[in-house]
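Presented below is the structure to which this report refers.
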């Protein structure tokens, strides 16, 4: 009798475990099915975006902005190194422009992000940029930005405070001349702040260094360069976005 009871109890436990295992398997199957469905939807959305004209335009603008950022990084960094403003370790100086290999790709990526962000913010806040929207103005803005960077390496002042104030005035003048939007001013200040923090982190960890640092391991005028660079790249991104929008409407 006792053996029969033990047999019945073991059978009921086995059925309970089987039932519980079946529930777990069914739950896992549902979760996997939902995950696969979400992945399929995401891939379909990505494919449709890339296949659309807007997706192609986004990729083209990103590539153009990346190329511009790489080119400006090479040229401007060459100006700084020629004046011994920035110093890289000898083992790092390996390219034709005597620049660390990672600087141009990082600047290109940052230019692509900033250039795409400016028109996106304009559309989000409902403040389309309408001031001097032509390529001639953009090219003049680039020339002024290069001039500001060259001045930071070329001009000699009695102290760095005078140089920093002069470059700050020139940077604000660049924004006022070629932008004048609140979003451009806000993004320029944000970019200058974040880029300065990143630069301080790199210098602090010995990736490279500045000669005669006067502001937390770096030069005090560096935020002015980042601000004017953000405004310049933002104008390029806006002009590219306007051109792609007109082309889309024309099609």
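Our numbering is plain: 1 for the first residue shown, then up by one each step along the chain.
Glycine residues also receive a Cβ, built from the backbone N, Cα and C atoms like all the rest.
Per-residue confidence over the motif 'KxHxx' (245-251) averages 52 (mean pLDDT, predicted model). Positions annotated as motif 'KxHxx' by Swiss-Prot: 245-251.
Look at residue 145 (site 'Required for the recognition of 25-hydroxycholesterol'): DSSP puts it in a helix. Here residue 145 (site 'Required for the recognition of 25-hydroxycholesterol') comes close to 72, 174, 228, 229, 231, 232: these same-chain residues lie at least six apart in sequence, with C-beta atoms under 8 angstroms from its C-beta. Taken from Swiss-Prot, the feature site 'Required for the recognition of 25-hydroxycholesterol' applies to 145, supported by similarity to another entry.
The topological domain 'Cytoplasmic' annotation in Swiss-Prot covers 1-58 (among others) and rests on similarity to another entry.
What Swiss-Prot lists as topological domain 'Extracellular' is 82-100 (among others), and the listing cites a curator's inference.
The annotation topological domain 'Cytoplasmic' is assigned in Swiss-Prot to 119-133 (among others) on the grounds of a curator's inference.
Taken from Swiss-Prot, the feature topological domain 'Cytoplasmic' applies to 179-183 (among others), supported by similarity to another entry.
The topological domain 'Extracellular' feature in Swiss-Prot is assigned to 206-219 (among others); the stated evidence is a curator's inference.
Residues or ranges marked as topological domain 'Cytoplasmic' by Swiss-Prot on the basis of similarity to another entry: 238-251 (among others).
The feature transmembrane segment is assigned by Swiss-Prot to 59-81 (among others).
Per Swiss-Prot, the feature transmembrane segment maps to 101-118 (among others). With a cut-off of 8 Å between Cβ atoms, the residues of this chain six or more beyond the transmembrane segment (101-118) that come close are 58, 61-63, 65-70, 72-74, 77, 92, 94-95, 129, 183-184, 187, 191, 195, 230, 233-238, 240.
Residues or ranges marked as transmembrane segment in Swiss-Prot: 134-156 (among others). Residues 72, 75-76, 79-80, 82-83, 85, 163, 166-167, 170-171, 174, 177-178, 219, 221, 224-225, 228-229, 231-232, 235-236, 239 of the same chain lie 6 or more positions beyond the ends of the transmembrane segment (134-156) yet place their CB under 8 Å from a CB of it.
Annotated transmembrane segment per Swiss-Prot: 160-178 (among others), in sequence order, evidence recorded as similarity to another entry.
Residues annotated as transmembrane segment in Swiss-Prot, with similarity to another entry given as evidence: 184-205 (among others).
Taken from Swiss-Prot, the feature transmembrane segment applies to 220-237 (among others). Counting residues 6+ beyond its ends, the transmembrane segment (220-237) has Cβ neighbours under 8 Å at 61, 64-65, 68-69, 72, 111, 114-119, 137-138, 141-142, 144-145, 148-149, 152, 160-161, 163-164, 167-168, 170-171, 174-175, 178-179, 184, 187-189, 191-193, 195-196, 199, 214 in the same chain.
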Folded-back contacts onto the transmembrane segment (160-178), same chain, C-beta under 8 angstroms, at least six residues removed: 131-132, 137-138, 140-141, 144-145, 148, 151-152, 184-185, 188, 212, 214-215, 219-221, 224-225, 227-228, 231-232, 235
Summary of DSSP states over the topological domain 'Cytoplasmic' (179-183), given as helix, strand and coil counts: 2 helix, 0 strand, 3 coil
